[in-house]
């Protein structure tokens, strides 16, 4: 083709101005065609099936191929006008067939790589789905543990409320006992005062000394009764406190054993 082109250029001295213009237009069109062909070859070399930009590359290659074919057709027209179409048509047809063959090969390679790419994409989606399922399972486990913690907290709250009610009941009971003991102490005090007044009023009618000693040995005096009542009150309060502390300790022990049993069951489930 280049030799034919040189022959066309060499005969520029014997042609008319119109033929010279047509020849220059033909040469310019030929350079444009070569430039488009170089761009097309560069995109073909750079084309890699399976990459993210492969679809864009195919569109660019198709666009350049169409442009190259258009320039070849224009060259054929100009060559026909210059009476060199017969010499160049065979080479143009060969180039067109070569381009078609290259496109066919590229598209066949692309079609072969599409199933592999789809399989890779589906495998990636399956892996992502497995990761999501694992995360959902962990979330479910955490939600179950949070639910168990909430249940334990509610049970502890209920146990503490029960202990508080028992403490209030025990305190009220102790208050009632102390009130009863104080009432009894007041009664002792009043009776002691009455006994003192009765003894002071009946001193003229005293019995013999031995009889008075026997009566004092059997019936305690006022101060002794007060001390006995105080000791009884203190002992009652101490017994009530000890009983309440033992109840609270027993309730704590039951609560601790219940939590240990729940924790052991949870570990076995995990």
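Cβ coordinates come from backbone N, Cα and C, glycine included.
Automated prediction, rather than curation, is the source of TrEMBL annotations.
Copied over from TrEMBL:
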- 208-221: compositional bias 'Polar residues' (COMPBIAS)
- 241-254: compositional bias 'Basic and acidic residues' (COMPBIAS)
- 255-270: compositional bias 'Basic residues' (COMPBIAS)
- 193-221: region 'Disordered' (REGION)
- 237-270: region 'Disordered' (REGION)
DSSP-wise, what's the residue breakdown of the compositional bias 'Basic and acidic residues' (241-254) into helix, strand and coil? 14 helix, 0 strand, 0 coil
Please spell out the DSSP helix, strand and coil residue counts for the compositional bias 'Basic residues' (255-270). 15 helix, 0 strand, 1 coil
